[in-house]
Amino acid sequence: MNRILSIFTFISVLFLLSGCKEPDQKMELESFVVKNIIHPNNNPYNKDKVELGKLLYFDKRLSLKGDTNCAICHSVEIRDLEKNSLPKNKIHNSSAPSLTNVGLYKDVFMDSQANDLEEIVKERIHTAVMLKDEKTIVARLNRVQTYRELFEKSFGSPGITMDRIVKAISAFERTILSKNSKFDRYVMGEESALSPAQKRGLDVFMNKAKCFQCHKGPNFSDSEKHTTGLSGITQKVRTPSLRDVSKKNKFMHNGEFTNLEDVVNHFVNGGAKDSIQDPLLKESTITEEEKKDLVEFLKSLEGEFQLLEIPKIPKA
């Protein structure tokens, strides 16, 4: 019986892949599975550094007035990070992007302003909300004995520098993961992980709707920039992840939609149909039932997510 199921699963995967073509090669479903995050050579993983980065992430000393921190906009206590939108026309014109699985992206922010996580962390510290003056930040942290000790323990030598601050925060952010979803388990051989509707939705995703053309890889994002067909929006933005997408309450980089069904309808209808949208965005012929199946499949991307406690920030 198990042998028959294994053969059936293998044939099913081949069927799904048969219509999924890229310019170079067929996509493999296993490439969509979240595995371990690879830390860069210039900022290798180290548990002490991650814990230090977590403290800094929640520490308001890094802000101009000492009244905000990274978690105010990018909350890591909740799954839906994008619900905390920044005030438009003040600092940013878009929703605060999710940091879930941020280590899997080539580019971090929606408009791809930076090439790696360390660069974007440093850039965010220099915004109008946070404290731009590096010397002041370092001086504030140097007044805290606990921080002096933690920096030496994390980096192997004494000294607090902006480079070390950035590396610690980045190391922590790379540990914010959502994985082992029903989809992941299905691809790795657990046939019953997906419901019949979710399996049909996967077929629609990979074949008829061709969502995979932009939403691919372990983060269900090609990390490329596209004009997404929002009326009046000309800016190209990075393809967002679909991981945990069913748990969000705002969608698109500007938060235009408030439910997943509207997002699916937007893309199925081909977007705003203007001259500047990405040519990959085309009207689809999927049925209402197939739309429902597609939404059900997207729900299968909800992964295991370890909710984090707000740490006790060390006092000076």
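Glycine too: its Cβ is placed from the backbone N, Cα and C atoms.
Remember, it's a predicted structure, so these values are computed and weren't measured experimentally.
According to TrEMBL, the protein carries these features:
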DOMAIN    48-145  domain 'Cytochrome c'
BINDING   C70, C73, H74  heme c 1 binding site
DOMAIN    196-302  domain 'Cytochrome c'
BINDING   C211, C214, H215  heme c 2 binding site
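A separation of roughly 22 Å, to the nearest angstrom, links the Cα atoms of H215 (heme c 2 binding site) and H74 (heme c 1 binding site). Cβ contacts within 10 Å of C214 (heme c 2 binding site), excluding its own Cβ and spanning all protein chains shown: 20. Taking the Cβ of C211 (heme c 2 binding site) as reference, residues of its chain lying under 8 Å away and at least six apart in sequence are, in sequence order, F205, F267, L294.
Fewest Cβ neighbours within 10 Å among the binding-site residues C70, C73: that distinction goes to C73. Rounded to a whole number, the distance between the Cα atoms of C70 (heme c 1 binding site) and C214 (heme c 2 binding site) is 29 Å.
If you draw a 10 Å sphere around the CB of H215 (heme c 2 binding site), it holds 20 other CB atoms from the protein chains shown. Around H74 (heme c 1 binding site), taking its Cβ as the centre, 21 other Cβ atoms fall within 10 Å, counting all chains.
As a summary of secondary structure, the domain 'Cytochrome c' (196-302) carries 40 helix, 6 strand, 61 coil according to DSSP.
In sequence order, F205, K210, F212, Q213, K216, F220, S221, D222, T239, L242 are the same-chain residues whose CB sits within 8 A of the CB centroid of C211, C214, H215, the residues recorded for heme c 2 being left out.
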